[in-house]
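S.K.: Sending over a structure as structure tokens; questions will come in a sec.
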Amino acid sequence: GSIIDKLTQPPGRCDIPQRLDMYTVCTSCAAVTSSLCPRGFTNSGVKNCSYLVQIGGNKVLLDGCHRLCVKSFMQPRCCPQHWGPLCFFGPDCKPCIGGFQHPCYDKGTCFDGIRGNGSCSCQSPFEGVACHICSDPSKHGEHCDEECHCVHGVCDNRPGSGGVCRRGSCLEGFSGERCDKAATPCNADGLMEHCHINTDTFCPPPSKMFFWGKNALCVCRDGYEGDGHSCTAINRCLKSNRGGCHANAECVYVSPGNVSCVCVEGWTGDGRVCVEINNCQTDARGGCSTNANCNHIGPGQSECVCKTGYMGNGVDCDFINPCFIKNGGCHELVRMRIGATPHCLC
């Protein structure tokens, strides 16, 4: 098996060394001494063999020699917790959601390997594409075993949310992260007629007036928290969950209670979910030539390498005529001919 460095992240390849043995045609030992291995193969010595020759009307078996040619290569494999069929063509084995050290955020099993798609099969009591949501809407926490602190709203039941309420879910008359900030009367006696005198006096902005039976109450407007008389702007980027932004996204403060999540360079998505950009999987293939391999290096990064038989910078690759390079590997008394497949001719 392969030894995986736990601190090494992408390309995530755990290729298996392979060896291909090929023998040249069995012939007389004198003739085989001048034979060459095909391009890409290494000479591994001369071995004994037997071959048939036609002498008169009979076939005679003679002792001879042939050359052993060896080619070593790596069979593509994705490391555990990495996936992607492009592993066949380049170093791109993407890590599962959550990263190679914590696939599916340690709450599920990743469908990894060459034939995998990186999806998560969640353990109970988790659900979601990344196993990042508690299946019980009233629970939160690392193990989804903690009661939510949301009092008069809808619980944000994602591990790490702190058990606060989902944004905008507070019932009328309540505000704050936990929807537990009750509205307060506009005046000491709470009679609605007093609130008609000057609403800005009793419910100064950014609060608003709310009627509850005969009582007139002050409630902090959306994006603010407090008791209604004293309201503070909410900067969700400073909260523990960074406004719900993805780990690979930047949280940008827009206005009280409003943020914008923007995926960082090399990642794409709505900011709440960011997916790694693989240039090699786009139609442009990272700008590589059709005669080049596109190798994924990291999020939004790739390199172009000309295929065997071509040369250039990867964006432009020109065909190499093998006849011009050491006679194409042919013997010096043989010339190479280019056809559908290059071959040597005496």
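Each residue's number is its place along the chain shown, starting with 1.
Note: Cβ is positioned from N, Cα and C throughout, glycine not excepted.
If you look up TrEMBL, you'll see CYS122-CYS131 marked as disulfide bond. Summarising the annotation, TrEMBL assigns domain 'EGF-like' to 92-132, 233-275, 276-318.
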S.K.: Of CYS122, CYS131, which of the disulfide-bonded residues has the most Cβ neighbours inside 10 Å?
M.R.: CYS131
S.K.: What is the three-state DSSP composition of the domain 'EGF-like' (92-132), stated as helix, strand and coil residue counts?
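M.R.: So the domain 'EGF-like' (92-132) is made up of 4 helix, 11 strand, 26 coil.
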